[in-house]
C-alpha cells in the first residue's frame, strides 16, 4: 500500500460502489495517506445519491399503494405531443418490476435530451413490459386531440404482456376499460411509472419529428418538435402547411 500513487488510488476507487470507495479511502486515510479531498468528493457523491434515492422512493408512493391493495402489474401511462401544431401524439405504457428505481427518472420535460435518450434505453431494458402507440395528425383532426390521446394510451396498454391490473395515468381517465385506473394530477412528476412512460413517449415523438425535419427542413421541426414557437408560426405563414400539420390546430395561422 505504501507505494500507491494518488492516480492509482483514484483508479481503484472508480471501480467500486460509492460506499465501497468511502470505506477503501477511509482505510487509506487511517494509515496516513493524503486522500482527504478524494474522500470528501465521495461523501458528496454519497449525499447526492442518497437524496436521489429518497426522491425516487417518494415517486413510488402510488405504486406501493397499489401493491398494498393486491395489484401485481402496475402500468404508468403518459403521452407526448398533445399541444403541438404538427405531428403525431405518442403514448407509452410501462410496467416496471415492483420496487425498481432507475436513477435520474423524472418528468421527461425536466430532463435534457441526452438524459432522456439514456433513460429511454434503460427503461426498455429493465421494464417487465412496455408499449408505445403513435396516432397521426389526420386522426387527431378527425376525432380531436383528447380522443386521439385516449386511443394512443389504450393502444399502448394493449401491447403490455403481462397485462396491467392497475393503471396510473397523468390526469386522464380512459373509457371502456375495466382495469382499475388511478388518474394523478402532475403524475409524471409524482409517479415513477408515469415518468418512465413520459420518457418513452417523448423520445419516440422527438425522434419522429427529427425525421420529419429532414423531409420538411423549412419548418425547423428538429428544433421545436412541432410546437407553436415564433419560428414555426413564421414558417407556416411563409411556406404554408405541410402534410403533418394538424389542420384543426393551425386555423389561426393560415388564411
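A Cβ is built for glycine as well, from the same backbone N, Cα and C atoms used for every other residue.
These come from Swiss-Prot:
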- 72-255: domain 'RNase H type-2' (DOMAIN)
- 78, 79, 170: divalent metal cation binding site (BINDING)
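Neighbours of the divalent metal cation site: apart from 78, 79, 170, residues of the same chain with C-beta atoms within 8 angstroms of the site's C-beta centroid are 77, 80, 91, 92, 153, 169, 172, 187, 188, 194, 197, 198, 201. A 10 Å cutoff on Cβ-Cβ distances gives residue 79 (divalent metal cation binding site) a total of 27 other Cβ atoms nearby, all chains included. For residue 78 (divalent metal cation binding site), the same-chain residues 6+ apart in sequence whose C-beta sits under 8 angstroms from its C-beta are 91, 92, 169, 170, 187, 188, 194, 195, 197, 198, 201.
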